[in-house]
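Taking it in order: structure first as structure tokens, then the write-up.
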């Protein structure tokens, strides 16, 4: 009896795929989706950093959830960390110590989780800044801007709740200084709201279990839903792109999803995981065993939150002790910190609609803008970054005063003055800088690139020769070119005058034949790009509405 032949796995999968396609016909739609094109600019990877960091957060968070006990019940520590043996603490702090010292890989996963949270929030901030300065939030992508703003706000509070759960001295001070004091200061409902959150006076016995539920269930679920909606909108509305040869408001130039984009994304995800793994293994963060358990009677100097909440801490430190009285109710200074936070969040979410309202720009935009081309928006963004940086530095005014031997009162007043003066000064400087860059671009398009060659005229005058970027007239003068919204070359080496580096590895050059083939391929690609640019310019010139709208 002959043995049965083992079926080939490829044939089995092919037959199953054929059966599925004959029933549900997904092949046409799947082929169309896999043929989607994505642009390849490096700045588009910032959003992927946030996405992959969130995936790492989910995986490490699930692992930590298996061992963390969010109870605030008092226990006596008898673990392996000798300096804290016999010390009374909460179960939350005890379980965090056990994760750090007794669970296999616990400290490694804890630190990866914390670093991933910082990278997630930082990536969202930088990603939003890129979208803001390039105008990617304009119609029809206002909804994605709102989603990104909500993701940043949720990430800030998710991180705040996360590092508050271990119940160490630093996290307890943060809860007392921010959540408890601000809540108590709210008029009319402050006391009732504080009792609802803490179950009585601070610190109570129910806050950490509630933060735990928010941190591992509610907020991550909302973030996951918003990320899914964000990706769906990007997929449906197509990705924005920078202006360039062959790129218009109605197409996308880049690489297809399969195989190039998928393989690049997979490699980038592996790189993010590797970097976070190295950070978690070599860079210590939040060593709670050095801080000890939280005691309401103890307060440590030099206490600051993570960077994304430091601006709120700085605002609380430098805000004057102003109290207002309405209907026999006192509104203390900490409440105004919460009011300003809410105002900042509202301005962040509604900015696309405010810009559209004041500029009257209701057109659809798929091409991005260079920051210099929109000086008002760029100046507003620089002003906001300056405001954030001043408040962040104000959050460490005690450390600055200690290290530089400055009066703490002086650092407070420096922060107050800087919060008002520096953003306005940066706005003016940025605006003038953008105007200067615009004039520099127009000068090159009109006269050409400076060559550094000085020529003496017959009557004795000296001039510098310029290399025209386009055709010249009968007298040899360059014909001014129209600005296309892309980078303008300012040096001769940008035109290839300095030659190109030799191809090959670090030690050995490529063979002559291979080097010649690579040069020929580069030349063909440049000619193809120039041809596409000429066709695009001709189509604009022949179109009655071809002139680009100005913002």
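Heads up, the Cβ atoms here are built off N, Cα and C, so glycines get one too.
Per Swiss-Prot, the features are:
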- 44-64: transmembrane segment (TRANSMEM)
- 113, 215: heme 1 binding site (BINDING)
- 117-137: transmembrane segment (TRANSMEM)
- 127, 230: heme 2 binding site (BINDING)
- 145-165: transmembrane segment (TRANSMEM)
- 188-208: transmembrane segment (TRANSMEM)
- 216-236: transmembrane segment (TRANSMEM)
- 265-285: transmembrane segment (TRANSMEM)
- 334-354: transmembrane segment (TRANSMEM)
- 380-400: transmembrane segment (TRANSMEM)
- 417-437: transmembrane segment (TRANSMEM)
- 532-551: region 'Disordered' (REGION)
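Recorded features from Swiss-Prot, shown on the structure.
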| residue | record | Cβ contacts under 8 Å, 6 or more apart |
| --- | --- | --- |
| 113 | heme 1 binding site | 56, 57, 60, 61, 64, 280 |
| 127 | heme 2 binding site | 46, 47, 49, 50, 148 |
| 215 | heme 1 binding site | 158, 161, 162, 165 |
| 230 | heme 2 binding site | 144, 147, 148, 151 |
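Sequence-distant residue pairs (6 or more apart) of the transmembrane segment (265-285) and the transmembrane segment (188-208) include fewer than 3 whose Cβ atoms are under 8 Å, leaving the two stretches without contact. Residues 38, 99, 106, 109-110, 112-113, 116-117, 119-120, 123-124, 126-127, 130, 151, 216, 220, 223-224, 227, 231, 239, 265, 268-269, 272-273, 276 of the same chain lie 6 or more positions beyond the ends of the transmembrane segment (44-64) yet place their CB under 8 Å from a CB of it. Long-range contacts of the transmembrane segment (334-354) within its own chain (CB-CB distance under 8 A, at least 6 residues past either end) are made by residues 132, 137-139, 142, 145-146, 149-150, 152-153, 181-182, 185-187, 312, 315-316, 319, 322. DSSP gives residue 113 (heme 1 binding site) a helix state.
Most Cβ pairs under 8 A with the transmembrane segment (216-236) among the ranges 117-137, 145-165, 188-208, 417-437 are made by 145-165. Among residues of the same chain six or more beyond the transmembrane segment (117-137), those with a C-beta under 8 A of the stretch's C-beta atoms are 43, 46-47, 49-50, 53-54, 57, 144-145, 148-149, 151-152, 155-156, 158-159, 162, 240, 242, 272, 276, 306-308, 351-352, 365, 368-371, 374, 377-378, 381, 385, 551. Same-chain residues lying 6+ beyond the ends of the transmembrane segment (188-208) with a Cβ under 8 Å from its Cβ atoms: 70-73, 90, 92, 164-165, 167, 172, 175-176, 179-180, 294, 296, 329. Taking Cβ pairs closer than 8 Å, the transmembrane segment (380-400) reaches residues 129, 132-133, 301-302, 304-305, 307, 310-315, 317-318, 371, 406, 408, 411-412, 415, 418-419, 422-424, 426-427, 430 in its own chain, all 6 or more past its ends.
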